[in-house]
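Participant: So that we are looking at the same thing, I have put the structure below in structure tokens.
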Amino acid sequence: MVTSSSVIVLTLWAALVSASPVADPLVTPAPKLEDLEKRATSCTFSGSEGASSASKSKTSCSTIVLSDVAVPSGTTLDLTDLNDGTHVIFEGETTFGYEEWSGPLVSVSGTDITVTGADGAYLNGDGSRWWDGEGSNGGKTKPKFFYAHDLTSSTISGIYIQNSPVQVFSIDGSTYLTMEDITIDNTDGDDGEAANTDGFDIGDSTYITITGANVYNQDDCVAVNSGENIYFSGGVCSGGHGLSIGSVGGRSDNTVKNVTFYDSEIKSSQNGVRIKTIYGDTGSVSEVTYKEITLSDITDYGIVVEQNYDDTSKSPTDGITIEDFVLDNVQGSVESSGTNIYIVCGSDSCTDWTWTDVDVSGGKTSSDCENVPDDISC
């Protein structure tokens, strides 16, 4: 039974509700179909047309799979200016046609990019086609392998590179780049024909982290030419010229700061720990640390600092300072024909060095060191 009072209450409540303002519902614009496709699309490219197709379609794919791609001669596998968040996956064997040119064979750039190698995948440079014993100093023009330029907050991992014609990774203009579990195998060039096959050349970059690298080559395992906040750890360097700062000088940016090499092995190489600066130039090297570094079968110098790297016939100059240079637990062996430690500094350019638990033996003791900092033995 409905009483008259109940009817009155219900009528009043309905009137109040109808009189109250009601907020418009929030309307979220529907994403465009093309944007959804870009976010979700996985594209696979293969064969002799794979490189060209990938370069043309790269901004339409959130994941780019490169499966047994055969890059034509004189052509870069161009993966520059990728969409943010793109994932690149190498599968199978990636090959490159022969031509005398400067390269690069591969180039990647962008923000929040991930580059990975699938199990068993490798990039085969087949460098013997170019090797002539002269590297980048003459003979055939040889392509550099992999440009990691202008990468931000990105990761390259699990990449296996075999027989690069000349320098392998060029890292330039990048920041917050992590490289993990990279293998560079240029052992086929150990017969003397391969040269200047640097593993990682770093310039004008910040916050670069390289972990777990295995580098078998014929030049610097790592060469930091300029940049700040660079960290290399858990690496194995074999057959090359060691873990190097420089050469510093001769560029628009000649500053190296806050570099750490940690928990790594250098074996069967010309040099172990190395800093090289250019005669007569200006710049600075500071806050460089080598910690827990093991040397074995070093042929030339266990530890070497040269401030006349480009012309050893001249006296070292002090335009490029080397300050706060730390060695902590650097130990190992040099061959009897080599030299344990060799330091050639400018008159006032090498300061605030701290060496602890340094034991490099087996080679000769140099009598030609110059301007060795206080408390450091040459």
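Cβ from N, Cα, C; glycine included.
What you see is a predicted model, and the numbers here were worked out from it, not measured in a lab.
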Participant: Of the residues Cys350, Cys378, which one does Swiss-Prot pair with Cys369 through a disulfide?
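Facilitator: Cross-referencing Swiss-Prot, the cysteine bonded to Cys369 turns out to be Cys378.
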Participant: How many other Cβ atoms are found within 10 Å of the Cβ atom of Cys369 (disulfide bond), counting all protein chains shown?
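Facilitator: Cys369 (disulfide bond) is surrounded by 17 other Cβ atoms within 10 Å.
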Participant: Counting other Cβ atoms within 10 Å of each Cβ, which of the disulfide-bonded residues Cys61, Cys237, Cys345, Cys350, Cys378 scores lowest?
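Facilitator: Comparing Cβ neighbours within 10 Å for the disulfide-bonded residues Cys61, Cys237, Cys345, Cys350, Cys378, Cys378 has the fewest.
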Participant: Can you name the far-off residues of the same chain, 6+ from the ends of the repeat 'PbH1 6' (317-345), with a Cβ under 8 Å from a Cβ of it?
Facilitator: 248-249, 254, 266, 272-273, 275, 277-308, 351-366, 368-373, 376-378
Participant: Calculate the distance in Å between the alpha carbons (Cα) of Asn258 (N-linked glycosylation site) and Cys221 (disulfide bond), and round it to a whole number.
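Facilitator: Spelling it out, the Cα of Asn258 (N-linked glycosylation site) and the Cα of Cys221 (disulfide bond) are 18 Å apart.
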Participant: What are the DSSP helix, strand and coil residue counts for the repeat 'PbH1 6' (317-345)?
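Facilitator: When I sort the residues of the repeat 'PbH1 6' (317-345) into the three classes, I find 0 helix, 21 strand, 8 coil.
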Participant: What three-state class does DSSP give Cys43 (disulfide bond)?
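Facilitator: Going by the DSSP assignment, Cys43 (disulfide bond) falls within a strand, counted as strand.
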